[in-house]
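Here the structure comes first, spelled out in structure tokens, and everything after it is commentary.
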Amino acid sequence: MNLNKTLRKNSPSGYKALLTFSIICGLMATGCAHQESLPNSTANSVDRQVGYFADNGVGNPLAIVQHPAGIHKNGITYVSYQGPKEDPYIASYNHQTGQWQGPFRAGISELGRRDGGKKFDNHGKPTMLIDDEGYIHIFYGGHGGQASNGKNPLGNTHHGANKHAVSKRPYDISQWEDLNNITPFGTYNQAIKMDNGDIYLFFRHGAHRSDWVYQKSVDNGRTFASPVSFLKHKRRTDIDAVDSWYAWAGKGQGDNIIVSYDYHVCWDGGAGVNGRGHTTERHDVYFMSFNTKTGEWSNVEGEKLVLPVTREVADEKTMAMRTGELWTFNGSTHLDAQGQPHIAINAGIDKGAKTGGPKQTRHVRWNGNEWVGGDKVIPQYERVSRGDFMVTDPENIRYLTTYNQDNDAVLSWWQSHDGGEHFVEDKTVLRKDNASFAISAFIKDAIPDAQMLVAEKVSDEGIKMYLVGEEGAVTRSLVDLKTAMPTSK
């Protein structure tokens, strides 16, 4: 709920009374300070609604690639994010009662407890799934595994261990247990439940020089089959580098899973552009689909593919767009009402940084005959933007996109009615001064009130977390929030 909006609309006198009382409290410092120190006291009448539901995010608490970070089910939106020690934290919001629960810690990440390295690794953010029995699953904690896990048969290792936690009771986020049933050699988890209840967990099987794989469960995630490679890493013979990939997998129509991806040229140390060695250099956009009923993979024209797909096969059969000298950062993929794929890809000019330079969100789509598009969602914009999109008929596309305007972080809707050739800004959902936003992909089965998670990045700790919808952020009582926030260990 939005308290200010509600009081203004339904009870102007109530709103004025609340405002007057707040001013009085500001003058009566001793009395009000005493009341605020007793958050559980019924005497506390100065509680207020805030736009964030938690304030303990760390590092980059959210990303589009680890998805879904939230799910709507039975009138409740369940959300997840990276909290203290890079552990997975889970909260929920009941849309009927207006009540929040949590956040609760769902597991213990090895990434936040490693020796050396940078302060936050950020690769083990939680991914969520709810099985057919109502148990909530969280996949988290890996950046490819480490040498202590043994030899990675499908790549190399780095840090952490990919883990799988499940709620102890259906639809209950308060207690969790780890299930030791997925490989520790994983990162960038993406979880998909098919209509028949089968679960597919997609991820990269290790650090940069590793295959992309999936593991399948037919018993609500209690056991998983061995990893199956679908994108192949291999050493190049023409340059000092290894073929690598970044993928985004989502549910398509019926029994199909759709996958978009970009290519990472993983340079050896001292090689590459200007001898920069290993950078995040990535290029091009690809697409293919997986029929889970037949087990067959195919390109957009229905041509069958043999797994694992190599760079040569990808270039010949699955290419959606060449990006030339632009460096890329992959986004999401969705189907329109005609079953044609659309892809979000972030691309920008290499400006010599380790990451190349800022990348802007662009839209690519298959029109039934060829891949078209590639223009920016935000015209003339040169800084960093990220967004996820909804598409109905091929011409109507809506992006919920974050960008910066001066020093402000902005999250707003951008609308196209011509298949992505032109986008126009519609309305702003969230705006914060002197900040930047990290966002999730769209919440699975989202309702208009709660569509995306947002992290307000002012520093790298104590980050405020928002659940936003068409009308802005879902609010929470500040007293309730302070009472609910856990202490990290």
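Cβ coordinates are placed from backbone N, Cα and C, and glycine is handled just like the others.
The substrate site recorded in Swiss-Prot comprises Asn60, Asn122, Lys125, His143, Arg204, His208, His278 together with one of Tyr93, Tyr171, Tyr246, namely Tyr246.
Looking only at the recorded positions His123, Lys125, His278, the one with its C-alpha closest to Cys266 (Zn(2+) binding site) is His278.
Within 8 Å of the centroid defined by the CB atoms of His208, His264, Cys266, His278, the record's Zn(2+) site, lie the Cβ atoms of Arg209, Ala241, Val242, Ser244, Val265, Trp267, Thr279, Thr280, Glu281, excluding the listed residues themselves. Geometry remark: Tyr188 (active site, proton acceptor) versus Arg204 (substrate binding site), CA distance 6 Å. Using a 10 Å Cα-Cα cut-off around His123 (active site, proton donor), the binding-site residues His143, His208, Tyr246, His264, His278 reduce to His143. Ranked by how many other Cβ atoms sit within 10 Å of their Cβ, the recorded positions His123, His208 place His208 at the bottom.
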